Structures are given as C-alpha cells and as structure tokens.
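According to TrEMBL, the features are:
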type	residues	note
REGION	1-27	region 'Disordered'
DOMAIN	161-277	domain '1,3-beta-glucan synthase component FKS1-like'
TRANSMEM	312-331	transmembrane segment
TRANSMEM	384-405	transmembrane segment
TRANSMEM	488-506	transmembrane segment
TRANSMEM	527-550	transmembrane segment
TRANSMEM	556-575	transmembrane segment
TRANSMEM	1347-1371	transmembrane segment
TRANSMEM	1391-1411	transmembrane segment
TRANSMEM	1588-1609	transmembrane segment
TRANSMEM	1621-1642	transmembrane segment
TRANSMEM	1654-1675	transmembrane segment
TRANSMEM	1682-1703	transmembrane segment
TRANSMEM	1723-1744	transmembrane segment
Amino acid sequence: MNLRQRPQATPGRGTLDAPPRPPLQQQEPYNIIPIHNLWTGHPSLRYPEVRAAVAALRATEDLKVPSFMPWNDSMDIVDWLGFFFGFQGDNVKNQREHLVLHLANSQMRLQPPPASVDRLDFDVLRRFSQKLLKNYTSWCSYLRKRSQVRLPKRRNSALLRRELLYVSLYLLIWGEAANLRFTPECLCYIYHNMAGELNHILDGHIDENTGQPYVPSTCGQYGFLNYIVTPIYTAIKGEVARSRNGAAPHSAWRNYDDINEYFWSRKCFKRLKWPIDLSSNFLLVSGGERVGKTGFVEQRTFWNVFRSFDRLWVMLILFFQAAMLVAWERSKYPWQALESRDLQVQLLTIFITWAALRFVQAILDAGTQYSLVSRDTIWIGVRMVLKGLDALTWTVVFGVFYGRIWSQKNSDGRWSYGANQRILTFLKVALVYVIPELLALVLFILPWIRNLLEEVDWTIFRWLRWWFYTPIFVGRGLREGLVSNIKYTIFWILVLLSKFLFSYFLQIKPLVAPTKALLKMHGTYRWHQFFGSTNRTAVIMLWVPVILIYLMDLLVWYSIFSSIVGGVIGLFSHIGEIRNIQQLRLRFQFFASALQFNLMPEDHTTGSKATLVHKLRDALHRLKLRYGLGQPYKKMESSQVEATRFALLWNEMIITLREEDLVSDQEVELMELPPNCWNIKVIRWPCALLCNELLLALSHATELEDAPDRWVWYRICKNEYRRCAVIEVYDSIKYLLCDVIIKYGTEEHSIVTNLFTGIDESIHFEKFAATYKTSVFPKIHEQLISLIHLLLMPQKNMTKIVNVMQYLYELSVREFPRMKKSVALLKQEGLAPLNPASSADGQLFENALEFPEAGDIFFYRQLRRLQTILTSKDSMHNVPRNLESRRRIAFFSNSLFMNMPRAPQVEKMMAFSVLTPYYDEDVLYGKEMLRSPNEDGISTLFYLQKIYEDEWTNFLERMRREGMENDDEIWTTKVRDLRLWASHRGQTLSRTVRGMMYYYRALKMLAFLDTASELDIRQGSDGNAYLASLQQNSGLEGLDSHTASTSQTLGRASSSVSLLFKGHEFGSAMMKFTYVVACQMYGHHKGKGDPRAEDIFNLMKNNEALRVAYVDEVYLGREEVEYYSVLVKYDQQLKREVEIYRIKLPGPLKLGEGKPENQNHAIIFTRGDAIQTIDMNQDNYFEEALKMRNLLEEFKSYHGIRRPTILGIRENIFTGSVSSLAWFMSAQEMSFVTLGQRVLANPLKVRMHYGHPDVFDRFWFLTRGGISKASKVINISEDIYAGFNCTLRGGNVTHHEYIQVGKGRDVGLNQISMFEAKVASGNGEQVLSRDVYRLGHRLDFFRMLSFFYSTVGYFFNTMMVVLMVYTFLWGRLYLALSGVENSAKEASDNKALGAILNQQFIIQIGIFTALPMIVENSLEHGFLPAIWDFVTMQLQLASLFYTFSLGTRAHYFGRTILHGGAKYRATGRGFVVQHKSFAENYRLYARSHFVKAIELGVILIVYASHSPLASNTFVYIAMTISSWFLVVSWMMSPFIFNPSGFDWLKTVYDFDDFMKWLWYNRGVFIKADLSWETWWYEEQEHLRTTGLWGKLLEIILDLRFFFFQYGIVYHLNITGKNKSIAVYLLSWIYMVVAVAIYIVIGYAQEKYAAKKHIYYRLVQLVVIVLIVLVIFLLLKFTGFTFLDLISSLLAFIPTGWGIIQIAQVLRPFLQSTVVWETLVSLARLYDMIFGLIVMVPLAIVSWMPGLESMQTRMLFNEAFSRGLQISQILTGKKSN
C-alpha cells in the first residue's frame, strides 16, 4: 500500500491513444507538465511531489524584488534569477520544468516516503545539488579557490531557497551556454563569478560605483548571452576560421579542449577578469599577444604512438634485446645460457637502452610540446629540460659503469673479485634508477593510496606529482579497486607470458643460425655493392619483418585470450541458454515466473536498502527459476492475478510482433495466452505449446486402460503442458455444452449436467478407470472434432449438429460406462429423458440447441483454440515461422533468467530521455523511390518483398483485415502503410522513432500493472474486456475464420491493455520518459517544402512523447542572421504543431563536427537522470523496453569501487540478412558489440563509448562537457571521446547483456569501405589527441595495455601487418636480386624462415577475425551451428572480404597519421542491389588497394623469375601463398562483391565508361566522378595539408620504386655481368628516351592530330621505325635478348611511378613549371595501365560461363535461404 495520498484517478475515456486533456481555455504551450497552470486536469499534476517542487520554487517571500522588472506573485525563483542575470525567457521556462520534473521524480523515489509529501524534502535537493555542483567544487579545490556556494548551517526554508537558487543558476547558465557546454571548466568559471554576484544580492551589498543595491553585470535582456556567451563563442569561431575547415595543422589553432583548459589555471581570474574583459588576449584570435595552445599540442607524427604508450614499447624493446642476447648463445634452453657470466653482464645493457629510450621520450615531448612554453608556463619548459637531462645523465652513468666492468675483466683476463665488485656497483646504481618503478608497483598493489595521493591538492603532493606528470585537472585518481586490479593483472600476465615464450622459441631463436651464417659468408653480389661485401643489409632485410611481427603479435594473443575470457564470462552470465523456440518450450512454465520476478516490482515494505538476506533470497529465487526447482508455475496457477499479469504482458508482446508484421494472425492465435474464461481451472498456455499433447494423453489413457487412475494421471502429469491440455479441453467442452449451446432449463441440459457431474465424482474419488472405458476415448474425440467443425461453419447445419450430439450422447451412456445400465436406471440417474414421446418427433437435442451470433469474435476465437488443441498432430516447433521473431522471443526469454536488478515501480524508477541526432537522411521511403526500378529493372519494393517474403504476406493479410479489398489499393488508399512497412525494414528515422516509442508504451503498461487492483486485473482477464480489445485493435481472426468481418471498426492497432487504463498511466509515462530528435535541418526543410518535414510532422502527430529540436535561422536584413534553438511538439488538443521553447544562440550552431554539435544544441531539452544516445540507424523492441526500469537501477549499485556513469548495452545487428557481405559485416560487428565489450568492461575495465545505444548518467555528463566532443577533425570519431572523457574524469563504464537494441550496418562493399575508412581515419586522429596521451600515461600499466589494444593499437597493428608483408617481400626481393640468396648455402634455414613468416600471416588473418566470432556464435547458437556458419562464410569468400577490410584500415590509418585528411564520409544506408561501375570502384580503391596489390604482384613476379628458391615450386608456393592471397583479395574483392560483377556485357560497358572518364577534359567545376583529372588532384589533397616531416617521409617511402631498376638492370644479358655503377647510370638513358618519345608523340598529337593528321601519322611512323631499329641493333651487336625487353619493363615502369609520386609531394614547386603538364599526362597513362591490369582478370572471369550465376548465388546466399529469387532480381524478370 502506498503511504502517499493521491487524488482519485479519473477512469479512462473512449479514446485511449491519448491521455485525458485539460480544458480548452488554457492555451499556453507546455512541454511535459503545465507548471504555469496547476489546476488543469493533466495526469502528471496528480502527483503531490510536482506540486511540492513548484511550491518550493515559488517561495520568494524574503527575496529582494527587482525594481527594474514587473514582478507578480505567480513568479518564482527561476524568474527572479532570469531578471537579475539577463537570462532568456524561454531558457527560464525550460529550466523551470527541468528542475521541477527532476525534483519531483527524485522525491517520488525516496524510500521510505517523506512524512510530508507536499513539501520538498531537504535531502532530495541536497543530493541533487551535490551531484550537479560536484565538478565545480572539484575545480575550486584544484585551483585552491573558495567555492561561492555558501549555505547556512541550520536547516530552514532559507537554506532550501538558497540551495535552490544555486542549483537553478547553474542550470540556467548551462541551458543558455550554447557551444560553451563543450567547455565544462569555462562554465565553472562563469558560475563561480555569477554565484559570487548572487551572494552579493542575497547579502544586500551596495555597489561601490553607484551607491545603489548591487546589480549583476549581465542584467538586462539577452544580458547573459551578449556579455558572457557571445565573446567566448566569437573567440572559438575565430579559432575555427584559423583551422581552414580542419586543413590547418592542429597546433596552429585552439580547439574546444584548449579553450576549456585555459580555465585549469588561476591565471584565468587575472587575465579574463569579471565582468569579462573584452580586450583580454584569451579572446584574441590573431596577433602576437593571442593565447596559444593550452595543456597539449596535437602534432602530427608517427612518434605519437611511442609517446603515448612509451611503457609498452619500452617493455617490448627491452625484452627483445634480452631475448636476442640469450638466443645468440645458441643454448637449447635460456636458463642454460644464463649460467654464463659474460651473458649475465651483457644483459645489464638493458638499463642503458632503458635510459636511452627515456631520453628519446623526453626529446619527443620537448619536440612536440615546445610551443606550450611561454612566460606564464616557464615551469613546463624547465620540466622538459630537466627530464631530458635526467635521462641523458642516466644513459651516460650506465654506459660508464658498464664500460668499467669490461675494462676490469679484460685487464684481469677473467671474472675476478674486482670485476664482480664493479658488477655489484652497477646493480646498486640500477636499484636507485628503478626506485620510482618499485614505488609505482607498491602503489599499484595499494590503489586507494595512489588515488588519494593524486586527488589531494596539498602543495607538497603537487610538487611530487609535478615531476611525474604535467599538472592537469583530469586524469587524477583513475586506479581501480584491488579485486579489479587482480583480475586484469592475471589476464595480462597470461597474455604476456604466452607472447614472450612464442616470440623467443619461434621467432627470435630460429633466426640466429641463418644470421650468423650470413654474417660469416662473403658472397659475390650481382650488382654494384656500395658497402663492401658484408651481408649486414641482408641480415637487416631478414630481421625487419620478424621484428614487425614481434611488435604486433601481442594483439593476436590479446584476441585469443579475450575470446576465451569473453566466452567464459558469457557462460557464467547465462547467455545463450535459451537459443531457440524449442528450448523456450521446455522452460516456458518457468519463464512466466521469471517474467513476474524480474519485471513486476516487489513490495518495499521492509526498508529502503536491500539487506544481505534480501539479496540472498533473490539469488536463491533466481536459481530456482533458472533450473525449475520447486515448480514455480504451480504457485502461479494458484494465483489467478499473477497468471493474468503474465498473460497481459506476453500478449502485448505478441501483438507488437503482429503490428510489425513478423507474425501472422494465425500465429498470434497459436502464441497468445487467452484470458481465463469458461471456468477453466488451469493456466491456458499458448496453443503452440499444447499441440499434440491431448493426442498423447489419449494414447496413454488407452494403453493403460486397466491401470488405476493415479498411475494414468501420474503419467499424464509428467508433462505440465499435457496436464493443462487435458484439463482445459475437459473444462472447455463442459462449459461449451452446459453453458453455451444447450439451452438452460431444457431436459437435455439437465442430462448433460448430470453426465458431467458423474464424471467429476468418479475423478474425485479416483474411480474413473473403474467406472469408464478409456478405449472409447478415440470415438468421443472424433465426434467432438466433428461437432466443433460444424459449429465453426458460417451457416449452421442443425441436422448434422443434432446427429453428432446424439451420437455423443449414445457413446456417453451406452459405450463409455463399464457397467451397462437399463433405460430405467438411466432415467433414475437423470441420464435419459423421462418422457421420450413428449417432443413432437422424439429427437433428442433437436429443440434444445442455440448458437452465439456470427459476430461473436470472442466465442469463435475460443472455439478455434479448442479445435486446435483437439486436432493438432504437429508439435509446432516452427511457430513462429519468422526468424527475427524467433530470435527476439528467444533472447527476451533467455534474458529473464540472467542476473538483473529487480524492477522498481514506474513511479519510483529513474526518469530518462532518448536523444537521436538527425541531419537529412531518409525519414520515410517515398512512393516513387519504392516503385522505380534500377538499371536491372528491380525496384526497392520488389527487393524487400523477396527478402522479407513472410513479412510481406503478413502485411497484406493485415491490410485486408483493415479493409483493403484488392491488392492495387496498396498504391492508393494504403500507400502510407506501405511506405511505413518498407521504411521499417530499412535504416530510416521512422524505424528508430517507432522503436524508441516502445519505451513510452511499455511504461504506460507497467504503470497500469503497478497500480492495478486485483479487480482491475481480473477485469483484464474477463472475456468481455478481451472481446472489446479485439474489436478495438486487431480483430485477429484465424486464416480459416468464417466469422463476419469487423474491419470497419478497426482503428490503428493499439494495445489490448490500454482499454483498462485509468488515465494516470499517461502522466507516469510522461514524467519518466522523453524522446528528443535533434532534426537540425527541420526548419530549413519546412521552409522549402521538403517532404521530409511533413514526414517528421507525422511522426510527432502519431507519437505524443516525441519532441523535435531544430535550429531556426531568422534573416533580419542584409547578411544578418539570428539563430535559435527551437523545440516543437504536436498538440493533440489544438491539432497542430506548437512551439514550446525558442532559445537564441550566439551564432551558427556548427563550429566543430556536425553530429556532436547537433546533440549539444538539443540536450537542453532532454529530461531525467539518464540519457540514452541513439543513432538514426537503430531500432528497439517492445519486450526490451520492458526491461529499461531494471537497467536504470544499475546506476545505484557499485561496479568495482565506483558507481557506473555509462551503462553499455548490447546491440543486435539487424542488417545481416540482406546479403552475404552484410552477414560478414554483422558477424564481425556482433562479436565486437557482445564478446568484445563484455571483456573490455569486465575484467579489463577499459570499455569506452563507441556510438552504441549506451545510457549516460545525464547530470554527471552535462557538468563535464556533454556526451561527445566536437573539435574539428581531431574529434571526427566523436562518440569515443565521451568514453575517454568519462574515464579521465573518474567515471565508470559497464556493460549489460540482458537488454538489447537493434542497429543497422552498412551492407554494400563501398559503403562498408567508407565506414572502415572513417573509423580508421578517426583512430589516426585519436593517436594525436590529448585524451589518448593522458590515458596512455595515467592508467596503470595493464589497463594501459588493454586500452591500447582495444582502440588505436588495433589499427596500428593492422597497419603493421601490411607493413610486415611489404618488408618480407621487399627483403626477399633484395636477397634474390643481390645474389645473396644464390650464394647462401643455408637454404634449409631460409625455408624455415619463409614458413615462419607464412604461418604468422595466416595466424594473424585467421585468428584476428574468426576466433571472437566463433566463440560468441558458439555461446549464442551452439558450437556446431557456429562452426557451420564459419565454414559457410569461408565458402562465400569471407576471408577475401576481411583481408580487403584489413587493407582499407591500414591505408587510411597510416595516411591520417602521416598527412591528416580525415573527414566525415557519408556512407548512405540504402539497400545494395545496384551494380557499381568499374570507374567508381577504381576511384574508390585505386590508391588504397589496387596500386598496392599491383606493386606486391610485381615483386612476387620478379622474385619468381630471379630467386633460386623459386625453382622449387613447393617452397615458392609455401613462402608466397598468403602474399598472393592478399594480392588477389585487394584486386578482385570489389568485383566479387559487386552485384552483376561478372556480367560480360556490364564489364564491356564498364570498360567504355572507364576510358571516357579517364580522357574527359577537366573543367573548372567538374566533379571527380566525371573527370580523371579532378579525381587525381583530390586524391593528393592530403599532401597539401601535411607538414614537412610528412612530405619527407612520403619521399623516402617512394624511393623504394627506384630499387626495381637498380636490382633488375644488373640481371639483363646486355650488361654482360658487369657490376660497375655505370651500368645503373646508363640505364637512365632508357627512362629519358621513353619520356622523350612520350613528349614527342604528345606534342605531335596536340599540334597535328586535328588539322594535319598525316603529319601526326608520319611522326608516329618515324618513332616506331626508330624503336624497331634500335631493338634490332641491340639484338644484333650486344647480348640483348627479348627476355631483357620484358624484364626492363618490370624495371622501368615502377621508376616512372616513383617519379610521379615524388612529383606530387613537390607539387608546390613544380606546378608552375613546364614539367607539370607532362607529369599529369604521364600519371593519366599510369592510371590507364593500372586500370587495364585490374580489368584483365575481371574480363577473363566475366567471359567464362557459369561464374556469374555462381557469384550471384554466393553474394546473396543468406537471402536465398530466406526465399529470395535473386536470379529473377538480377535479370529483371519480375514475377507478377
């Protein structure tokens, strides 16, 4: 019983899709609660807590009334602050509602409830104030400033009001701060000064200048915006202009973080002052006095990976050094080698290396961060210098002491006492060096001490910390608790142990022997050798790929161990215990109790906190439910209310599946739990569970004819469903005959009643078997089926029905009883008519039957159920048929057996919001878009009909039920339904909105169930209410139904429960849930009449909890624009869109990245304690929405030593069925969002936020910079920075798998590649960021490892894999061309080496992608299905796709780190059935894949032709197979995964199209997809923005192309084995001649081709004759052969490409010269050659018959298994 007294709720009205409305006189629009008018009938205002919060705000008695503004009694504290501080009126209204809602919700949650519910509780306000101002108080403490929040000690109304003023002031500042919300400490600075001004007003200060009472500096209309926000906003805008749209180096301009970190030092008070000094250098954006970067400088260099994660690289380098020294001894085991004193002393060199690496780190720090040093920050410079000197000193000291050991040993000639003493001295020095490391180890074991030392702001600790870290406000006290420490330490020790053992025994040791052999050997070189005849270069070439593998394979070990740990944790979390419908059938009876236990709140009668006993009891109950102990369903059967509650929830879930067209009407009937009626004594389980059970029970009864009752009943009761089926059928037939079809009061009625009474008595006394013959059951069963079949006929055949009834009667009285009875005895027992001749014709039952009307839906529905149970022989394992509905039901039922917090009542749950940023994607698919065919004649609708065939059938069935008479109406009267159906299968805003609005629907339902009395719930189980629901909502009739249609009365399907609502449910749901869609462009779309605006309007109209926030641009005159943040909703009463709030912005919204800016402008309109971030390609499910209450309870419990600030939840990738490619992508993504996140959250404690549907602690984040970061380019992966920021500020991110949200992914190769490019570029930018640097240094060693390998390290190591392949092949080429390989006698060792590298590559590719996927699939679907899926994937060439993706990631990550150029790439979210042209694929993949694949292919060909190892085919294949696989994958994947990729005609057209594109002349504004030249310039754009080091490194990398020429020319027969350098120099004549010929022909073409064509042909002839002549002379008079001709092509073509690549880097110098035009035309020629090289294998494959259909089958195989006729699709043969 609730202690609070509530006003009596008004009963529901007729229209149940909206709450009761206030009377029409009140017109002022409001958002959620009409606070301005507390007397309206709004359901939220029934809560006394709302009134208490409003009353507390209106207590303004003692406040000084502002004399300059009109004041009236209805105004409150927030208005008072608005007047004094110049806040906007709508900001005041917005934050008033925000505050009232939050305080009311918080007070509702108080347990036990406060004594007086109509007064605001002190503790509620105090807790909120502490949470909201926690960051501010930490900031004051850090800067050693006294907080301006000054509260009196005594608890009275003055304290309450003062605290309310401080809280309201912060919210008002935040609500109007616009882009400054990204700078939380800037807000702290503003708040600090404004709270000081508030204190002056409250304390009655007199202004010194005016002698009047004190008035704040911002007083006046738009005062706060104009005097505070706009100046800082203008400074940020100026900095963004300096960034040249992100093209300028990050070090040249200040981003949001720099602006914010200015407020991390006390100088902001001196420089910026208050009121803000507009001449402050902080606000300058140009000039020498301008404030530069603050806290960190983002410099673009590869060294950032070392700088940020130096501890990792130091560990790897030191181990490698030690392993090399030990392996060099060539002992069998390392411990044997360590017995040597020489080796022991050599191992001491690791200290020299360690100190040297520290020196490198110090140099890098100084080199990248020098621009931070200024007069104010001189100590930063001092620290840099001292760090460098310290490291250098240690390096020298170690070097000197090490040298002294060897000098002593060499002078003594042995390891004498003196030499040993020097070793001891060295060790003592080393001990001093490692003291800080030992101290760190102690603090690692005692993490709470470390946290304390970092968080305390005492001066002594500050100086200590100053040496180890740059003093910053964030990143303090990040250590986890001891238990978490132990868990992730054990994980990483196992990983490192495995890695180091593998590296030593299988990488380092095997290479020592070939290395020694090479160094001893003095071979003959085939070329001019510059550095004598030593083989050191060859040794380097051998070792580089091995070192690269050594550095990257830790990621492979991390993948293996995280898969194992993730699998184990998943098992213990009970994931995948119910994998399918069959397993659910076995546990359905426990499932009902589990649903009751988890989703229905418990009574909190005991106390507020859950005691240990309470928790134990819950755990025990969960155990019983999980394993079906104590038969919990029996208890449910005894409690009719519980059973009905379960039925209401289950049926609602089935109805939503029907609304989504995932199940058919017939399946609804088979799956629903009908209300208890017809006096049935058991739970009426779904038909699908009871099917076949009755027949089995009959067979038991027939078999055990002579057995006692107990035996038979015991056998039947072994199966719960069988027991229920028997009882339900018996009770149903009894009710049907006695109470429905036989007229009451007739003789027949009394006969039938007596018959059943006799049977009931025999059952009660356990004499049934003795009294009746069970062998007669089959006959009775047969007649009952006939009877029900006749009753279901639309026209009743009375004669047949009477005949069946008579036959049943005869069976019952003649054959059924064991004892034959005479007619007299039957009359005596009332089982025969007393006077048979009294009726006219003597026919029994003839005049005694009556039937319900044809429109009685409820009766016929029950009858059909009875018929199904009686007749079904099918076990119905395939109900429902739809795979998605099966998956959803299985996941939901499984999740209820997992550990989750108990649900509170809706009133007591945390309030939350959902926020979705939307730009200009599809809201709803248009009619034309659906019906217009593509080039293959396939429309989107046709494609959807084939992929979702069963759902289309269900949709048509629903439309017919709703009044559609023929299928053509689908394009006329039902076109909106059609558009919705299609849009809900794509990645559209309407799908997302539908999914998120399930929260509102679920909350209304749960609110009803929470407060419903037993009477209400029994009403819900009443057949009449059920009947009403059927008529209102679905009128679901079976497929074979003959009853009259009720389609005319059918409205849009709403839930059956809504009929029982009393009105208050809407208020509860509105108080707890808001959905805000940030449609940034909505105003723009409305202005130009874009259909998307109308679609968004319709979404608002149909979803009352939906709010749309947009940016309105108001044009005032010439180029003057005002910007407003606007919130609108659809008013159900006024029947139009109304504007709720309009808050002026200081300028354009978008200064940084678009999505976070969009989120930031709308976040002020969200409400509640939590906020869920949902992207526009997500979906939600009703049954998952039911668990949101449980999830939000996680915020209250500790996970480790902290409460969560982000709750991570799992995603279900719903695009996997579209094509095999979409399946590969979704499988990879699925393992990442489940197993990957599971391990990152626990045990590794480094889960971040990856743009998943995570739930944020809203007030924690809104005071710490918001839910994403927005700086241009650096924050392009905006979401993950929320996780970085959370971790750095001491938050905690958890992961929960009992709830899921749908997510769409890209489905075509080009879409996927653009997505991968965006993510890889984003990670490239993260490497430069301050967040990654700080996490790399502030996290403990093992968490740092986890962080690295789960974020930027993954991409860095992916790039290392590609580099390893390059270095391996280049190394092999060097060995072959130099002749070292030929002269080496150690061929066997070389073979071993090749095999090692090959193994590595295969291990890397395979384990990287496959293992996590296999483990997660095994968990969720079983081991064999997982293996089968994996094999199927391989047959569909998944490995090609994953290898191709590897190349995409490596290319964009590497390019971004070197040169920048990261940008947002719109991937498009449509369905991919369209063929992509060759030119489009070439544009997208030429630089990232094709050119690289051609380069590797050329290396492999040259190596094959010059290596002695290649003569042994097996060795060559073993060594190069994985490299060839890479080449094929990178070159052919875009065509293999392209619809109609192998169509011969399309290939021909594509070739023509490619050539046209290549030779299209460049216009000024021609796009890249039309002109090669435009594309070529765009492709090198990154080289224009890169720095000097980037250009230099690019040139160094391009020099590799000249090696081909150097290596190959010495192998030409023309050289006569001459090794002089002149041979190489003379070879350049070839290049010069080739370019000269090209220029001559080009010149002739330009001059003569058009008008004097004969001259042009003449020039061509002369050139050809000369070439032929020269070749002839060479063949005749030198050693030149035709083979030389081919070899020379392989030598000189790469040289030309190298020249072009270097020329692109030097473009600023070359573009104005004559050379440039020639270079451009040469580059075009090269692109043509590359295009042809790629086109040749494609043309061959396309020409071969049968391959096209194989490709189609493979590409769309998943859809095939779902009945997709792709062969029709891709040939355009539409079926009707």
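Glycine is no exception: its Cβ is also placed from the backbone N, Cα and C atoms.
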Contact call for the transmembrane segment (1347-1371) and the transmembrane segment (1654-1675): at least 3 Cβ pairs under 8 Å, seq gap 6+: no
The transmembrane segment (1621-1642) vs the transmembrane segment (1682-1703): 3 or more CB pairs under 8 Å: yes
Stretch among 312-331, 556-575, 1682-1703 sharing the most Cβ pairs under 8 Å with the transmembrane segment (1723-1744): 1682-1703
Whether the transmembrane segment (556-575) meets the transmembrane segment (312-331): three or more C-beta pairs under 8 angstroms: no
Tertiary contacts of the transmembrane segment (312-331) (same chain, 6+ residues out, Cβ under 8 Å): 306, 337-338, 340, 343, 346-347, 349-350, 353-354, 357, 500, 503-504, 508-509, 512-513, 547, 550-551, 554, 1344-1345, 1348
For the domain '1,3-beta-glucan synthase component FKS1-like' (161-277), residues assigned helix / strand / coil by DSSP: 77 helix, 2 strand, 38 coil
